[in-house]
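Asker: Below is one structure. I have some questions about it.
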Amino acid sequence: MENFLVYVLGLVLLNFPTDLVADVIVPSTNPLAVGSNVTLNVVPQSPINIGTWSHESTIILFVYPTGYSVTDIYQGRISFNRSSSELFIRSLQLNDSGQYILQGFEPSKKTAVTLIIQEPISNVTLRANTIDVVEQNDTVILTCSASSGSSPSYRWLNGSSLVRASDIVRLVDGNSTLILDNVTRYDKGPFKCEVFNGISNETSQPIYLNVRYGPTNLTMRIIPEMTTGHTAYRTGSDITLSCSAESVPPASYMWRFNGASLENPSPQLSLLNVTENQTGSYTCLAHNNVTLRFALLTRIIKVVEPISAVTLNHVGKLPILDQSFTLHCEVTGPVDRIYWLKNGQLISLNNKTLFYMDNNTMVINSIQFSDSGEYYCEAVNAANNLTSKAYQLVVNFGPERPAVTSLDISMTGHNVTFSCSASSQPPSQFSWFFNGSQVATGSVYEAGPLTLASQGEYTCVAFNNVTGRNSTASKTLTVVAPVTMTMIKVEGAQPILNKTFSLTCETTGTVFSIQWMRNGLLLHDDETTQFSTDNKTLTFNFVQHSDNGDYKCSAFNPFSNMTSPDYRLIINFGPEMAIIAGPALGETGHNMTFNCSASSQPPSQFSWFFNGSLVATGSVYEAGPLTLASQGEYTCVAFNNVTGRNSTASKTLTVVVPIISVAISTSGGQAVEGDSFTMTCNVIGQPVSIQWWKNSILVHLDNTTHISMDNRILTFNPLQQSDQGEYKCVTSNGVNNRTSNPYTLLVNYGPEQPIIVGVAIAQTKQRVTFNCSASSQPPSQFSWFFNGSLVATGSVYETGPLTLASQGEYTCVAFNNVTGRNSTASKTLTVVEAIKSLTVNQSTIPIASANLTLTCDAVGIYDTIYWTKNSLSLDLSNTLNTGIIISNNSLHFVPVKVSNDGIYQCVAINVFGPYPSPQYQLLVNYGPLSVNVSLQGPMRNGSEVTYTMQCYADSRPTTEYHWKFNNQSLPETGPSMVVVKSLKNAGIYTCVAINPVTKIEMSNTISLDVTGHSPAPPFLSRVCLMLILLALSHTL
């Protein structure tokens, strides 16, 4: 049948058209792992009536109008969908790689795709030809390999950096070998290689290189450091030279002085109490006894005797203005240079400042004031510099023209002091002359007690004993007598308003001027105030109130003055318009007081008249107790007995009856919202005004609040909650007012619609509390109903532990026993079953590369379940989590890997939040991955020499170890074995590592040669050697 189909296919191919439809084959995954499955999807989906699926040149299946036929080698491995032309292939192997072709003859189409099948990478190892290397000398070869895996690619890392090929880095053998030519100190690693293909990757254990290098970057530090500006050290100094270099292993050091070696194999050289003969070159040599390299560094040290003393003095005469002046600098010790400074600033050569004798002497020509200051000389050599003490240069000059200070005029009997000063350095000496005769020496001269004969010319003579110059100045003194008495007297009659009045100032002594003051302020001429020619008399024309005050007169001469005692001027006037103070309204039975006042000097006398009849004298009149007959006109008359004038005023008094009491009464029953309610203001007395107040605010009238015509009745219709408050009625008339006691209006209402506060959903075994509230006055009484049945009273209702039967409608009924009204509200409670337990269970013992399933078993109702790893939500997009599938409540590891190690939890969620399971720690068992055997020794133990063999295998859990000698099992177990050196113990030793969980067994061998030579050559090599010896024997 198959041969017949091939024949038919051949005929179809001979007649196959060339105009093909362009379709695309899209594999479900590519590349793919050995053993996996793949689906080849055709896009767009379309069926074929006649055609083939083939792999390279091998037919997989034939399609014909009534069905399809699979070739023998693909029986049981493929599935085909006729409606979409999709091909499904199971259990792929490496030889399944290649091109897959869909050939359609009816309709015409051809499309292809290439599949890559690969085996996963495993057991990656990294080896080095050596790890102990010398920088720039050695080459390191790192070789990376994997025990299994197809189409491997290689990537190298130095630490976290990707290694790339360069002039000194080579990647060969398909990048599996890394060659580092002329290694440097930066190539120490760690080096790792990553092997990967399209489906997997694995990284080796790291290798570190021990790179020996140096010495390089040799430095020398000298302590103490050279002082800024100096090039040598002082004799007697202690100097330390310290040498350091970058070197592995650390460098050894030697020292040379002027080429000769010093006995000091240390990185530090100490020079104590140095002398000038220790000046020279000091060389540090650093040597690495592994790299056999060295470095050297030389520094010059200079030692000089320091300067010990510097003094500065002047030569010749002292400095005098406009003359030359010389300073000399004396130095003890060797000197390179001398600097001159003034006030801390360096002095430079100019046309008036000259230097002589190697700068030891400085001459200033024509010295000026600007040359004053502090002068220093500073001596410098290579080791130190030293500055002299300051020389204070002060320029001597003068005296300039003297200045005489004293009074120009003074009183008899006084002393006068004359002071004389003249600009001079040093200060001048002074002499005094009066009218040409010497009277004193010194800068100050005091004359007195003065008489008129003391008047005349006083002359000061100033002399400078350094410059030899003098200068004079004079002053004239005038002597006069003082003022001894001043007093104010009155001329004529007493001062009366609008009449003329005069004051006179009497004095004793010499008076140059007189001044008048009122209340401490100086007086001047104006229209109403005039002074006599000598200012002795002050005249007021038409004296006014504004002229009242305290007056003084002061007499002056150039040396004295005197002021009179105060004279108090008070203007007599009035009385002005009389004024009566008192009420215009009075209560019967009370007293009434009137006060009369009138502006007057001296004060007026007062008389009182009632309806024209004299009733009292004095400024105050009290009438009462009042009756209605006390009503009438009250008149006050004021009289001044100095001015002879009088003035009158009148007041009319009205007498009324007062308000005695005020109270509020109500219409009867309790105030209920919506009903009519009335309040009445009851008054005893004769009110003129009645007002209603609520909460201290005047009552506002509206369409529900009304007041009667006389304001006594306040009506609410209908009564509202907003009418509640504290009410008062306030009454008043002309003499008094009264306010009722407050009446508190409390409006009874409600209950309003109740409000229930409580959860709408809860778990079984919980308790739920409902709170019911309703706006009401007085407060409501509450009843609770569950599904129509009374269960409790009070505003708060707490259920018992909930069951599913507790689900339903809870109703609160609020009742007001004053208003007789009630109101209800309901709340529906949903009860759900709580999550009781949550556990994670494993399907089998976790072993690397095998499948594992973790199942989350929950008791209770939940909405969803999710998984966490190490307290973080499990991220399947993370490359570490590839191969993990979540299905329903299970976590599938296909397969499980060591990278899946961690703490896992499943978390169930319902409306009450997350419920985490106890932690499950996943530790994946693996290995052994490799077995390494090492030999340590020989070691002497008493009379025996022994070797120790160490075996190590990477495995979880730790492997069990067994040993073989020349393929014969030994009784020894454990990772190490001690062998006594003997000929019978020479041979091949095998370490066998077995993982008790994974059951994987691996081994490795090591050869023991007790003679100290290499192990014996293999058997074939020994046979070849024997044949050569035999041939030689026959030749001989």
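In case you wondered, yes, glycine gets a Cβ from its N, Cα and C as well.
TrEMBL lists these features:
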| type | residues | note |
| --- | --- | --- |
| DOMAIN | 120-210 | domain 'Ig-like' |
| DOMAIN | 224-295 | domain 'Ig-like' |
| DOMAIN | 306-394 | domain 'Ig-like' |
| DOMAIN | 402-478 | domain 'Ig-like' |
| DOMAIN | 482-572 | domain 'Ig-like' |
| DOMAIN | 575-654 | domain 'Ig-like' |
| DOMAIN | 658-746 | domain 'Ig-like' |
| DOMAIN | 754-830 | domain 'Ig-like' |
| DOMAIN | 833-925 | domain 'Ig-like' |
| DOMAIN | 928-1007 | domain 'Ig-like' |
| SIGNAL | 1-22 | signal peptide |
Asker: Give me the DSSP three-state residue breakdown of the domain 'Ig-like' (120-210), ordered helix, strand, coil.
Answerer: 3 helix, 46 strand, 42 coil
Asker: Restricting to the domain 'Ig-like' (658-746), report the mean pLDDT as a whole number.
Answerer: 89
Asker: Which numbers of helix, strand and coil residues does DSSP report for the domain 'Ig-like' (224-295)?
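Answerer: For the domain 'Ig-like' (224-295), the helix, strand and coil counts are 3 helix, 37 strand, 32 coil.
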Asker: Under the DSSP assignment, what numbers of helix, strand and coil residues are found in the domain 'Ig-like' (754-830)?
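Answerer: Helix, strand, coil within the domain 'Ig-like' (754-830): 3 helix, 45 strand, 29 coil.
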